[in-house]
């Protein structure tokens, strides 16, 4: 059964790669030519490697296999592993970069990702290390179903019932359990929160459905929030995946991307490149900010596994234009929601001060959708459109210059660093915050 599911998902990935190649040909070959030149330069320079280059290659190989807690410890940070049980029995793993007595900061990953997303690019790039360097007690969550949270008090991951959840349940049960655990361990009454993509989706579900948790969060930093998705309907990959789920083969899938992507991409150098193209086809192309050398590390941790129902739920909100709980048959909806359609989430109930970061080349979170979401949220204190036009959905984590283009702005919002110039550094906090709100 497991082998059959793997073959089905490999076929889906092959279709995605095929679509990506067509997209690349339509866009043009400039990026391909540039990348080929870079590859030739790399091949020519292998013999001339410096000791630093050899060390980098060794680190890349090692970092692709280490677990998140060991990865954190490797780079000299105090690392801890915590386990949290949700109200409905899922056992979640949390990773911590400990700073005793410092304000707690919870980071929550996106779809098919894990806590690794916030550390995978290393101390000079990744957000978790940056926050730890600026005196935060950093906690990294793992949603049910990914490689670190595949346990339950009564259910087995090999049973289909284990996978009967979406990001609705992550918001209803996972995030509250993790927040309560962090506050209990640290003794703080509130924490800061940052989510990427689905990490925002589930957060807004939590705050709208369990509004008491608004009072447990100091601020929400929303990176590429996947909430409204009306403008994503024509995305070719969404169409392909939707057709797949409607097929006889795809309708039986319960879990996805638990090693299949990694298996395909590591077959040859060409399949690795095709996989990069497939990712770009989904999230947006940006070769200039993509560190090709780090892709083996990314592949070691991403994708980390996901329930098919999570993906189906996203497709539902894309097609319907409604940010709402999972929609079943009309009869089951009547039983669950007392209506033929599930009710929309009430975003006005999200009262946490929320700062939104988005980009123009994000194929999964269109700027128009993000701005519509901001209009409906209860307390948007600022929004920031990343200036680089090519910045894509995964650049929020993987971009070479993400610290300069994005994280520095976040630290300014959090009050950790002043604005860029000496003159700006002398401005009052109110002026700095006001500038951010108007941007």
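Any Cβ shown, glycine's included, is placed from N, Cα and C.
These features come from Swiss-Prot:
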type     : residues : note
ACT_SITE : 197      : active site, charge relay system
ACT_SITE : 393      : active site, charge relay system
COMPBIAS : 29-51    : compositional bias 'Acidic residues'
CARBOHYD : 124      : N-linked glycosylation site
CARBOHYD : 151      : N-linked glycosylation site
CARBOHYD : 346      : N-linked glycosylation site
CARBOHYD : 379      : N-linked glycosylation site
CARBOHYD : 426      : N-linked glycosylation site
REGION   : 28-60    : region 'Disordered'
SIGNAL   : 1-24     : signal peptide
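Mapped onto this structure are the features recorded in Swiss-Prot.
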residue: 124; record: N-linked glycosylation site; contacts (Cβ under 8 Å, 6+ apart): 403
residue: 151; record: N-linked glycosylation site; contacts (Cβ under 8 Å, 6+ apart): 90, 91, 157
residue: 197; record: active site, charge relay system; contacts (Cβ under 8 Å, 6+ apart): 109, 110, 111, 113, 223, 224, 225, 226, 364, 365, 393, 396
residue: 346; record: N-linked glycosylation site; contacts (Cβ under 8 Å, 6+ apart): 208
residue: 379; record: N-linked glycosylation site; contacts (Cβ under 8 Å, 6+ apart): 350, 351, 352, 353, 354
Cβ packing number for residue 393 (active site, charge relay system), 10 Å threshold: 26
Assigned element (helix, strand, coil) containing residue 151 (N-linked glycosylation site), judged by DSSP: strand
DSSP-derived structure type at residue 379 (N-linked glycosylation site), helix or strand or else coil: coil
